[in-house]
Amino acid sequence: MKFRITVPATSANIGPGFDAMGLALSLYNRFEINQADRTKVLGCEEQFAGPDNLFLQAFRHAAGLLGIGVPEIELTVDAEIPLARGLGSSAAMIVGGVAAAFVAAGMGGEGFDEDEKRRIFEIAAALEGHPDNAAPAVFGGFCSSILKNEDSPRAFYARCSVDPGWRFHALIPPFELSTRKARAALPDSIPRRDAVFNLGRAALLALAFQTRRLDLVTAACEDKIHQPYRAPLIAGYEEITRMCEKTGARAVWLSGAGPTIMVLSSGGAGTKELFAVLNRELESRPEGAWRQLALRADDTGLKVEVS
């Protein structure tokens, strides 16, 4: 048994779509799985190479659901997605582990079919507790998704391809922010007016991506239910977002729980200039240099190659 799994990075929430929207990006975690006498993990820092590795946890969980024994494997990880930066590193590990169990159960020999992908998505979303990263990690493109309820593994999604010309500039700070800490910053309740504010913008944002209306993405990409509460946890957030808006960004949002800030540009003539301006500003930040990755949307999602 030898196979490779590739899972893209994801940017969730996208402003108003808290825990419900996300898109896949051209940054990847790649996993090579070989049969072995005992399970071991290569390519990870030592602290992530034990049995608590998220990939292995998801692999064991999915194998149990599929009713197969858990084989011993050698897992080699080639991770481009930075940890604890709001780019779906946990979802990539979980989706990869669930997908590996499906291959071990005899599926995916010629790629996963739609039903297999749906089942992988449902298991991964249940493990994460929210589907906004799992959906684009599996299906690619822009996804809206829900868990039917907290006690049910049923999850639903709809997706569309993203304009291939658009560029997504991931502004990655030199510090981490755990999802647990970012969630702890959120209030237990929000004013009705803030809920209405987000509902309207989330509905418009989904159609803006589907119809490739960049002007509508600009109008809709605002939030009042999570970004204002998380911003104080991110050094430089207010200054950097203001700078992005002044230098031609079409939309700016906190990627996932943060701390990465995602900037959308049209991919046209001004994109190179925006990239250069952002780099100059980010290199001299008082909290340390940020780095910028200019990414495209990934339209494929989860991939498997069985040899």
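The backbone N, Cα and C atoms fix where each Cβ goes, glycine too.
TrEMBL does not curate its annotations; it predicts them automatically.
The ATP binding site annotation in TrEMBL covers Pro82, Leu83, Ala84, Arg85, Gly86, Leu87, Gly88, Ser89, Ser90, Ala91, Ala92. The annotation domain 'GHMP kinase N-terminal' is assigned in TrEMBL to 53-141. Positions annotated as domain 'GHMP kinase C-terminal' by TrEMBL: 217-265.
Comparing the binding-site residues Ala84, Ala92 by how many other C-beta atoms lie within 10 angstroms of each C-beta, the top residue is Ala92. Comparing Cβ neighbour counts within 10 Å across the binding-site residues Pro82, Gly86, Gly88, the minimum falls on Pro82. For the domain 'GHMP kinase N-terminal' (53-141), the model gives a mean pLDDT of 95. DSSP assigns Gly86 (ATP binding site) to coil in the three-state reduction, outside any helix or strand. With DSSP classes pooled into helix, strand and coil, the tally for the domain 'GHMP kinase C-terminal' (217-265) is 21 helix, 9 strand, 19 coil.
Non-local neighbourhood of Ser90 (ATP binding site): Leu54, Glu128, Asn133, Thr179, each in the same chain, at least six residues away, with C-beta under 8 Å from its C-beta.
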